[in-house]
Structure formats: C-alpha cells, structure tokens
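Novice: Checked TrEMBL, it gives:
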type    : residues : note
DOMAIN  : 163-332  : domain 'Aminotransferase class V'
MOD_RES : Lys224   : N6-(pyridoxal phosphate)lysine
BINDING : Arg369   : substrate binding site
Amino acid sequence: MESAIGGSAAALSVATAATSVTRGTTACAAPAGGEPYLLTPGPLTTALSTKQAMLRDWGSWDGEFRAMTAGLRASLLDIAGDAAGDYDCVPLQGSGSYCVEAMLGSLVPRDGHVLVLANGAYGKRAATTLGYLGRACTLLDKGDYLPPGGVEVERMLAADASITHVVAIHCETSSGILNPLDEIAAAVAKHGRKLLIDSMSAFGAVPLDVRDIACEAFVSSANKCIEGVPGFGFVIARRRALREAKGRSHSLALDLYDQWDVMNRTGQWRFTPPTHTVAAFLEALRLYELEGGQPARLARYANNRDVLVAGMQALGFEPLLNARWRSPIIVTFFSPAHPSFEFARFYELMTQQGFIIYPGKLTVVDSFRIGCIGQVDEQVMRRVVDACAQALRTMGVTHAAPPPAALDERKALAQAI
C-alpha cells in the first residue's frame with residue numbers, strides 16, 4: 001500500500017480510511033485536566049465524573065461503604081451472567097497480578113497440577129507465580145502470539161491425567177491477541193478439568209458469561225474495561241471452589257477464602273480497603289450501564305480498533321495480527337523499517353501531541369502497541385493517526401512499511417494458525 005504520510009493527502013487518506021469503518025458508538029469527552037490520553041491497556045483515560053467520585057473520604061467500616069462494596073460485588077456478578085447464583089465475587093486490594101496469585105494459591109490444591117496456556121508475558125507470569133507457590137506446572141508456550149487451540153489442549157489433557165487445572169489468558173496484551181476461550185473451555189470441560197481464566201484486560205467488553213464458558217474462576221481488575229482506576233482487582237469464582245479453598249492459601253493477605261468469608265459475614269474488607277478506588281469504580285459502573293453495558297462497550301472499543309487500523313494502514317503501518325485474532329483492547333504494529341525511525345523519539349513526539357502509547361513486547365521483531373480502551377472514541381483514534389503521521393514527518397520517516405522479516409513473521413503466523 002502506498003504510504004500517505006506527507007501533507008494534506010495524508011489527512012484525506014486517513015480520514016477516508018477511518019470513516020469507512022465507522023459505526024454508531026458513544027462519544028467520549030476529552031480529559032478535563034488537559035492530560036494526555038492513555039492509549040494503554042490500563043491504567044487508562046477515565047471519565048471526569050469517575051475522577052470526581054474520589055474527592056470524598058469514606059470510612060472503611062461504615063455502613064455506607066459496606067453497602068458500596070456489596071453493590072460492587074452484585075454488579076460484577078450480573079455482568080458475568082451468574083443468574084443461578086453459583087458464583088461469588090471477591091474483591092482484593094492490589095493490582096491484577098495480586099488477584100491472579102490469590103486465585104492460583106487458593107483454588108489450586110498444593111498437590112494440584114496446572115497446565116498454563118501461554119502466548120505472551122501474562123501466561124508466562126502465571127507459570128512463574130505457580131513456581132513461587134510450589135504448584136506443579138506444565139507450560140504450553142506458543143511463543144509471542146500463536147493462539148492455543150482446543151484440539152491442542154485436548155491432546156495434552158488426554159496425555160496427562162495428573163493435570164487438575166488449566167490457566168488461560170483471555171486477551172494477551174503482549175500482542176493484542178484474543179485467545180479462543182470458547183474452544184479452550186470446551187476442551188477443559190470435556191476432560192473434566194477446571195478452568196481458571198485471566199480476563200484482566202477483556203472482562204466487561206469481550207463477552208465472558210459463566211452460563212456459556214464453564215470455568216472455576218476468573219480474574220479482572222478495576223482499571224480495565226469497566227474504566228475505573230487502579231487499586232483493586234476481583235476474583236469471580238464458584239462458591240463451591242471458594243469453600244474448598246479454606247486453609248489452602250500460602251499467604252495471609254492473598255487468602256481468597258478468608259477474604260470471601262469475612263466479606264460475607266461482616267460486609268467488610270479484612271484490611272484497609274482502597275475506598276476512593278471503590279467509589280470511582282461504582283461511578284464507572286454507572287457510566288458502563290448508561291452506555292449500554294458489555295455490548296455497547298465492545299462496540300465502541302471494536303470501532304476504535306477498526307478506525308485506528310484503517311488509518312495506520314493508510315500511513316503504511318502494518319498490524320501484527322490478522323483480523324480474526326485482533327482484539328478490541330490493544331493493537332500491535334510493526335515498527336517501520338525506515339532508518340530514521342526510532343521508537344523512543346516516536347514515543348516522545350506522540351506524548352508531546354497528547355498521546356501516551358505502549359512499547360512492544362515481541363521478542364522476534366520490533367513493534368509498538370496502541371490501546372483502544374478507556375474514555376476514547378473514533379474521533380480520538382483519528383487524531384492518534386494524525387499524530388503518528390506528524391511524528392513520522394518530524395523524524396524524516398517517509399514510509400512506515402515494516403522490514404521484510406516482519407512480514408515473513410506474520411505470514412508464518414498465518415500458516416501456523
């Protein structure tokens with residue numbers, strides 16, 4: 001494709017490409033403080049009212065705050081589709097990785113054996129966590145971005161009866177790939193094993209309904225697709241699994257059973273809760289429902305992705321993944337082969353124009369990532385593309401095409417899948 005980096009032709013080309021994929025979605029207000037947009041998979045740009053919700057102080061033992069916690073838990077179970085009441089929601093202080101460790105350390109018995117499906121940093125982190133916990137672990141490492149398939153999972157489970165649990169990453173943000181959770185879940189259920197899901201960057205936008213996906217538990221975080229701020233994550237787990245977890249945890253602070261038990265008996269968090277983050281999350285939930293819940297959130301994020309990809313391709317950039325595997329959360333682009341392109345300088349120029357992007361995590365080729373989530377819409381994504389074009393012009397980069405090795409890598413990926 002001919003690059004459209006130069007002058008007014010670039011603006012026309014980008015606008016045409018972006019407009020061709022536009023769908024009707026909710027518009028988002030610009031950051032009120034003039035801060036840069038966070039085009040990252042959490043923390044992310046939040047609504048003004050979400051920020052304003054943190055301006056009040058709350059007593060952590062007060063009845064009003066206990067009611068806030070109860071409302072938060074109930075809302076998340078509704079989003080997860082727990083109509084039968086088989087699951088419960090356990091919020092936990094800290095980042096998403098705290099919740100992953102709590103889930104693994106509490107729900108996997110000490111003599112359990114976990115098959116971890118990895119195609120990026122977060123699957124590998126789960127395997128590392130299991131090593132710290134002293135749990136047996138088999139790692140299926142698909143490299144940077146190949147998806148684990150249901151047939152492959154079935155084969156491994158059939159070959160090893162000692163495997164009790166399977167860990168899957170819903171959206172691997174190292175590459176932006178959306179893993180085939182439905183076929184993985186079906187394979188795990190067929191062999192009578194238990195599925196644990198890291199849905200950190202997907203839940204709330206990408207469908208994850210416990211009526212459709214048979215899982216033991218999954219985790220997510222406040223500062224992802226619900227568009228809250230950092231401070232806590234949550235585990236949604238079968239009540240049976242939580243009861244069975246009593247006395248199993250390696251940690252006091254990360255004991256999922258004890259956190260669940262105390263919350264159910266007293267309505268309180270065991271230790272000092274992130275009160276302001278909880279208040280912000282409740283406001284984010286209100287905005288989430290006002291927008292239309294999961295289907296509307298997915299539509300906006302998917303539209304953001306499509307507008308972004310169309311505009312970037314008009315400039316000559318190429319995404320790593322084909323459309324089948326490309327998540328609506330974050331998109332990985334190959335770095336240009338042009339000798340004047342330097343990511344650190346590109347990052348600086350994008351920041352100066354009001355956009356904070358993400359470096360790449362691929363080990364094979366140079367890349368960078370642009371997030372599609374948070375309080376951003378298609379108008380913002382068009383501005384992102386314009387900012388990329390301006391940054392390239394400033395750097396003297398006349399074309400954004402990747403090196404042939406990158407395209408060969410993408411071709412190999414398509415053939416492998």
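Backbone N, Cα and C atoms are what each Cβ position is placed from, and that goes for glycine too.
Give me the lay of the land around each of these features.
Specialist: Sequence-distant neighbours of Lys224 (N6-(pyridoxal phosphate)lysine) (same chain, six or more apart, CB under 8 Å from its CB) are Pro41, Gly42, Leu44, Gly96, Met200, Ser201, Ala202, Phe203, Gly204, Ile373, listed in sequence order. A coil conformation is recorded for Lys224 (N6-(pyridoxal phosphate)lysine) in the three-state DSSP classification, outside any helix or strand.
Sequence-distant neighbours of Arg369 (substrate binding site): residues of the same chain at least 6 apart with a C-beta under 8 Å from its C-beta are Thr173, Gly176, Ile330, Val331, Thr332, Phe333, Ile357, Tyr358, Pro359, Gly360, Lys361. According to DSSP, Arg369 (substrate binding site) sits within a strand segment.
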